[in-house]
Amino acid sequence: MGDHAWSFLKDFLAGGVAAAVSKTAVAPIERVKLLLQVQHASKQISAEKQYKGIIDCVVRIPKEQGFLSFWRGNLANVIRYFPTQALNFAFKDKYKQLFLGGVDRHKQFWRYFAGNLASGGAAGATSLCFVYPLDFARTRLAADVGKGAAQREFHGLGDCIIKIFKSDGLRGLYQGFNVSVQGIIIYRAAYFGVYDTAKGMLPDPKNVHIFVSWMIAQSVTAVAGLVSYPFDTVRRRMMMQSGRKGADIMYTGTVDCWRKIAKDEGAKAFFKGAWSNVLRGMGGAFVLVLYDEIKKYV
């Protein structure tokens, strides 16, 4: 094995451990966020049983479903990391060459900006093609509020994928795919635009203290996450459609989903669980910083 391949494998495995630790640590926040996002589209949660907010959700989950249910869907989320990273690594440079070859960042800023969006969107869409069923299963497992085996809609990752595939075919596992790609592009546009602006405002962008860099990254991630959050809400709601038939189908398509959420629930509904998303990002970053510190002594 060459040095390059060995280096990639080490980073890949170390990153996988870090991802597993950080995702597992913030999984309860992630589940709260997902439940707040999709409860209106859930057959299991009637109007009177809907969660009133983050605190209500955190208090009721262990009471109604057991403490370990905070980690429902986490395995799919951890597994998803490995193919996503491998695919990103495989496609990233190819898309950069295609969209950014010969573009000067300083002299052709807007072309560079557009190329960055295109390469990020293309790389994201390519890896999503392969890992989307895992993301789908993670959402459906997290949204499953049944307590015992008899009340659960799905009994695990494999059961979820098989049931939906039998019911709706491959299309059922890719509900909300289009809006997911749109969300990636919007996220990258916000992230790239805000990050560059923030760094450009510093007196010496090349010599920035690690804490300042971390604060900028946190702020930019939070802003980009909020800007693209409505797309995430719509895609999760679309995921909840799979396996439904006839009158049970709430949304006829993505456009109908946008329209009905705005009309029936108001614009605020697009941002349900957004605050927990910000907390999750901070928690994940903290765990990764901790992991880097531990790695120094191992």
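Quick reminder: no glycine exception, Cβ is built from N, Cα and C everywhere.
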If you look at how Swiss-Prot annotates this chain, which of 73-78, 139-144, 229-234, 235-240 comes out as motif 'Nucleotide carrier signature motif'? 235-240
Would Swiss-Prot put P203 and S7 on one side of the membrane? yes
Among K92, R235, the binding-site residues in question, whose Cβ has the most other Cβ atoms within 10 Å in this structure? R235
Candidates K52, R80, K92, R235 (recorded positions); nearest Cα to G2 (N-acetylglycine) turns out to be K92
Return the residue, from the listed recorded positions K52, R80, with the maximum count of other C-beta atoms within 10 angstroms of its C-beta. R80
Sequence-distant contacts of the topological domain 'Mitochondrial matrix' (232-273), meaning Cβ under 8 Å and at least 6 residues beyond its ends, amount to 32-38, 40-43, 54, 136, 139-140, 143, 163-164, 167-168, 172-173, 175-180, 183, 226
